[in-house]
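Straight from TrEMBL, the features:
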- B:2-77: domain 'Carrier' (DOMAIN)
- B:S37: O-(pantetheine 4'-phosphoryl)serine (MOD_RES)
Amino acid sequence: MFDLTGKTALVTGASGGIGGAIATALHGAGATVGLSGTRTAPLEELAASLGDRAHVLPCNLSDAEAVNALPKQAIEAMGGLDILVNNAGITRDNLFMRMSEEDWAQVLEVNLTSTMRLCKGVVRPMMKARWGRIINISSIVGATGNPGQTNYAAAKAGMVGMSKSLAYEVASRGITVNCVAPGFIETAMTDKLNDEQKSGILGQIPSGRMGTPEEIAAAVLYLASPEAGYVTGATLHVNGGMAML
Amino acid sequence: MSDVADRVRKIVVEHLGVEEDKVVENASFIDDLGADSLDTVELVMAFEEEFGIEIPDDAAETIQTFGDAVRFIKEAQ
């Protein structure tokens, strides 16, 4: 099950915990993967550990020109682009009353606008191929809201609305567009929380633990697979029951 | 002239699955040939490929009929 042999996948934010796990899972299912991110060293490291079928494609997602060029670079490197995983994201948390327009704009630019740009770049080859998988990594916060994250929540909710609309437009061409919405996942980001914060969060999670990057990757792998061809416009929540949506 | 028209007609026939004699000068892709809006985007993509030209989005929107397409391509070449 979930055989991606012969498929090519571009994963943004592959230098992070979740992105790295996604790339590893897709690669493990047989896909050729393009690893994108701003920091080259961790990408090179991941590519080396994956071995064959892994390409490093550094890209700064706040640079529009670089983002627009990325799908072409990926196609050149891998010979095609069947699967796009928009995983990269940044946070600039602050109380709404203190949030600067710059923090707002930056988060929207990297999390939402770069996703739009990459979708635009891959839809054409996917339409030609009559097959494609776009998986956008949203967040539980996009559905529930979170104090201090008005910008991030807006971007992540925006991603869901965009994905549904695009899913309508391209469904007849064999392209699916879905979101995965992680809850609290063990990554460098959540490592920074102190014990008190952690126990507060755990109290809200019926599973009683944080999720692992591999559990997000498994959801992405499913949505990328031929078996998920009838699933489109969906948001798969992977959050230990923290929000049952 | 006929060469461009023939090549455009072939693409339209193949893509929309219509009879060749329906693809006349004033035939509208959407109203007469059964294309949906996504089909028109794909036709433009196919024209770009066949003729090695770039058709910008605002120009693509003006290509409504078979005749429009032939005229645009001949000018662009």
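Placement of Cβ uses the backbone N, Cα and C atoms for every residue, glycine included.
Caution: TrEMBL annotation is automatic and unverified by curators.
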Three-state composition of the domain 'Carrier' (B:2-77), taking helix and strand from DSSP: 48 helix, 2 strand, 26 coil
Proximal but sequence-remote residues of the same chain as B:S37 (O-(pantetheine 4'-phosphoryl)serine) (Cβ under 8 Å, at least 6 apart): B:I30
Averaged pLDDT score, the domain 'Carrier' (B:2-77): 94
